[in-house]
Amino acid sequence: MIKEKRKVEVIGLELPIFKGGEQINLSELIAQYPIEDGDIIVIAETLISKLEGGVIDRDKIIPSKEAIELAKKTGKDPKVVQVILDEAKEIVKVGKNFIITETKHGFVCANSGVDESNIYKGIKILPKNPDESAEKIRKEIEKLTGKRVGVIISDSVGRPFRKGAVGIAIGVSGILALWDRKGEKDLFGRELKTTEVAIADELASMANVVMGEADEGIPVVIIRGANVPFGNGKGRDLIRPKEEDVFRN
């Protein structure tokens, strides 16, 4: 007989639409929902950027010569290219309508994470320190609710060799980001030798199904029942060191 073994809930929270720069305590808003012990709170990075002043006024952007030349090669707006360059540590690859960069955070992604989607006016950059943002929000929510939670700041990115975007964790607090399961046993009692699970990325992708990419208006998702280990994980734990990157070496 088949029986239920575990149930995981993914709960999307609708918040007001923010244009950027509002003086809002996000933790207090989220804490209005009945949070439970063990909840994982996933927050879209766009919302964090808006509230942390990460939306740049287009009128204040003056494209450099490099940005103008790169805009010609890619077909992108020179002002957008300038912001991409400002947020990049290294340009990895350039093509028609894309610039793959390594950001100052160490993320390798398209366009340094710079985006204009779901932005009222201006150009959005990634949060300056997503791990720090996640930590601050987690501590505030735990203080407000008395519950132990994890917080993930998520972004959606494309992947090499596969089509489509998926959610990933760029900021993490309160849970493991990378779950090392070496030494545990499989179903047949064999010891796991190399298994590391990017559990924070998996949770971010789960949340992204509910958040969506268009006009869903769900920037915060609660994942309940996932049974994820608490810990001191960080989003940066998921970044492969450049010297271990077989594609760039």
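A Cβ is built for glycine as well, from the same backbone N, Cα and C atoms used for every other residue.
The Cβ of Gly217 (GTP binding site) has Glu14, Leu15, Ile17 as same-chain neighbours under 8 Å, each 6 or more residues away in sequence. What Swiss-Prot records for 15-18, 45-46, Lys50, Asn118, 211-218 is GTP binding site.
Annotation comment: Swiss-Prot describes Asp115, Asp155 as divalent metal cation 1 binding site. Around Asp155 (divalent metal cation 1 binding site), a 10 Å sphere centred on its CB holds 26 further CB atoms from the protein chains shown.
Applying an 8 A CB threshold to same-chain residues 6+ apart, the list for Glu213 (GTP binding site) reads Ser117, Ser156, Ala165. Reduced to three states, the DSSP call for Glu213 (GTP binding site) is coil. The divalent metal cation 2 binding site annotation in Swiss-Prot covers Ser156, Glu213 and rests on similarity to another entry.
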Of the binding-site residues listed as Glu45, Lys50, Met211, Asp215, the one whose CA lies nearest the CA of Asp155 (divalent metal cation 1 binding site): Glu45
List of residues, in chain order, with Cβ under 8 A from that of Met211 (GTP binding site) and at least 6 apart: Gly12, Val42, Ala44, Ser154, Gly167, Ile218, Pro219, Val221
Residue among binding-site residues Leu15, Ile17 with least C-beta crowding, 10 angstrom cut-off: Ile17
